[in-house]
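**Student:** Provided herewith is a single structure, encoded as structure tokens, for subsequent inquiry.
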């Protein structure tokens, strides 16, 4: 397959000479466009003949052939240059348009190129959709046609899910949570309590019963003996006083 010349496809390239950008204006833009390194410029044009003979651009109207003119200028950003075929002083045929934005030269696409690009983009998208659909289509003489998406579902299951990064809580959040838990504990006390680590939880009612002191039960016989002892003690008189020896 023969290599494609760069001049046959000028829509995908641009050209710029940074040394001209500060002095670029309506009077110098055609000289800037006629630089030798510019791939958009045709050396066989009438502008080159006028330049070599040191004539003004007004002589282009009296010549026949390819020429470049300044079609529109919006200094200092935008300039539009047209390439045209002059057949007579009053008859010209436009061939191509070039626009210069901030010193960079581009070729403006023609209507056929724009339509061709849009159609190719649409056809490529439709073709990709049909290829993707056909990859899931299955056929069997006994079953007919059906869609098979099992492989796609298995691939989704195999893909690891991205883990969310856990951010540490602030001091205010921890204090707030502790206060809420304490409030809930007071409103709804626990029904089971674990007295010691490792032991089974015990109901709260049982722990309260164990904590209360058990009253001592006194037998009636013991009560009667204590009463008799108290009566004998009270019946006896006070102890006699012994006389002291002088």
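For all residues, glycine too, the Cβ spot is worked out from N, Cα and C.
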**Student:** Have a look at 157, 163, 208 and find the one that Swiss-Prot tags as SUMO2 cross-link.
**Tutor:** 208
**Student:** Swiss-Prot annotates one residue of 83, 187, 209, 236 as N6-acetyllysine; which residue is it?
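**Tutor:** When Swiss-Prot is consulted, N6-acetyllysine appears for 236.
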**Student:** According to Swiss-Prot, which residue out of 161, 223, 241 bears the annotation N6-acetyllysine?
**Tutor:** 241
